[in-house]
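Peer 1: The structure's right below; bear with me while I get my questions together.
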Amino acid sequence: MTQASTGHHENTSVNGEKDTNNANIGNGTRLPLRRSAFRALVQDFGPLWFTWCMNAGVLALLTHQCPYQFPGLGIISTIFYIFDLLLFITFSIIFILRFTIFRLDAYNEIVSSQADLALCGCWPIAFLTLTSLTPLICSNAYWGRHAFTILGYVMWWIAATWSLVVLFWVFITLIRRHEASSVRLPMMVIIPAVSVSTVAVTGGVVVSDSYEISARLAVPVIIVSFMMVGLGILLGLILSTYLFHQLLALGWPPAAQTASLFIFVGPMGQSAAALQQLGAAARMYGKFAGYNKGTFLTAEAAAPLDVACILIALMLTGLGIVWSLLSVYAMIECAWKKELSWNPGWNAIIFPMGTLFTSTTLFAVSMDSPAWRVVTAGGIITLAVVFLVNLSFALTWIVQGKLLIVREDPRVKKMMEEEQKGR
């Protein structure tokens, strides 16, 4: 019997030696183990990279709104904003190129991974950070004004639609293609819920801080944002309950995934910030008074609405603090066991905690509280340090060829290992 008739092909080089740098895909074609830098960059580029945009964006927002300002802080905020913008444009181009070049293979790789599928919610969240910062920074600059108010307004409606589409697509795909009972569901599954809460808090920023936005434009955003924050709170609580039960049943996640526990904080912090921002927009910024229709969209209804929003935000912030303490404890325990080491998942720390400190920033204003101001300032400094730590490790890994551009193709390596086992 010939070798061809058995369906088994040895990978050999031209001089008859075993070929350890290529994998046979079954039709005589051999895939190279090492790729070009461009192919490695595009083929492996995942939605996790958009967390860098999210983190830069939330730090830009926090430094801009920090209760303790100094002359250089505005410049730092603008630098974070520009960094966020440049990263978003670059990463979006690479991510789109992945689907343009690899098409169905790229799509199947994304949807076959629960983590990558859920992380697709990071793309619209990254866009939402720019949607907040564009009217906040640009429309209030002397060269920006109303044009950037309209730009931010249009961006918000695009982001709201985008986030809802991703939310439904992610959960429908999870239901159709994955069985949660057979594997441990990743913490990232909460991210689509965080995205709709981010739509809400961004809506509050757009209607509160944009230059001369009218009540006629602002009120529809406020109404839709309240609906979004309801969706974010309830869906976030449902998913948090499931994932917390998973922790009780299975224990802590693997050491490499410990930082992902901070994702628990996201829906609570973002929803608390959204409620405060929307309540303030209705009352303090006079959007309901300017609209003045019906029984709800009036100045009389705005005051109790604002108080109710602050009350619910306090409750959500309390739960967010509990989740953050639980996550910090898990990190400390992991470090105590000498199992803690840096990996790209550490980016999960900054944005969720940033949402919590956005909420405390607003409490500092509504309560005129020195305690909330100190907590917020301390939190911003801590998150900035974590961002710099993540950046230094990431750049080191990139230079070492362990991140972003990994020339050795993991797909081909897996095929070669399977071939070796089959012999």
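Using the three backbone atoms N, Cα and C, a Cβ is placed for every residue, glycine included.
Curation does not apply to TrEMBL; its annotations are automatic.
Checked TrEMBL, it gives:
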{"type": "REGION", "residues": "1-26", "note": "region 'Disordered'"}
{"type": "COMPBIAS", "residues": "7-20", "note": "compositional bias 'Basic and acidic residues'"}
{"type": "TRANSMEM", "residues": "40-62", "note": "transmembrane segment"}
{"type": "TRANSMEM", "residues": "74-97", "note": "transmembrane segment"}
{"type": "TRANSMEM", "residues": "117-142", "note": "transmembrane segment"}
{"type": "TRANSMEM", "residues": "154-175", "note": "transmembrane segment"}
{"type": "TRANSMEM", "residues": "187-207", "note": "transmembrane segment"}
{"type": "TRANSMEM", "residues": "219-244", "note": "transmembrane segment"}
{"type": "TRANSMEM", "residues": "307-332", "note": "transmembrane segment"}
{"type": "TRANSMEM", "residues": "344-365", "note": "transmembrane segment"}
{"type": "TRANSMEM", "residues": "377-399", "note": "transmembrane segment"}
Peer 1: Any chance the transmembrane segment (117-142) and the transmembrane segment (307-332) are in contact, meaning at least three CB pairs closer than 8 A with a sequence separation of 6+?
Peer 2: no
Peer 1: What stretch of 219-244, 307-332, 344-365, 377-399 shows the most Cβ pairs under 8 Å to the transmembrane segment (40-62)?
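Peer 2: Selected stretch: 344-365, with the most Cβ pairs under 8 Å.
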Peer 1: Checking distant contacts: for the transmembrane segment (377-399), what same-chain residues at least six beyond its ends satisfy Cβ-Cβ under 8 A?
Peer 2: 55-56, 58-59, 62-63, 66-68, 342, 344, 346-347, 349-350, 353-354, 356-357, 360, 405
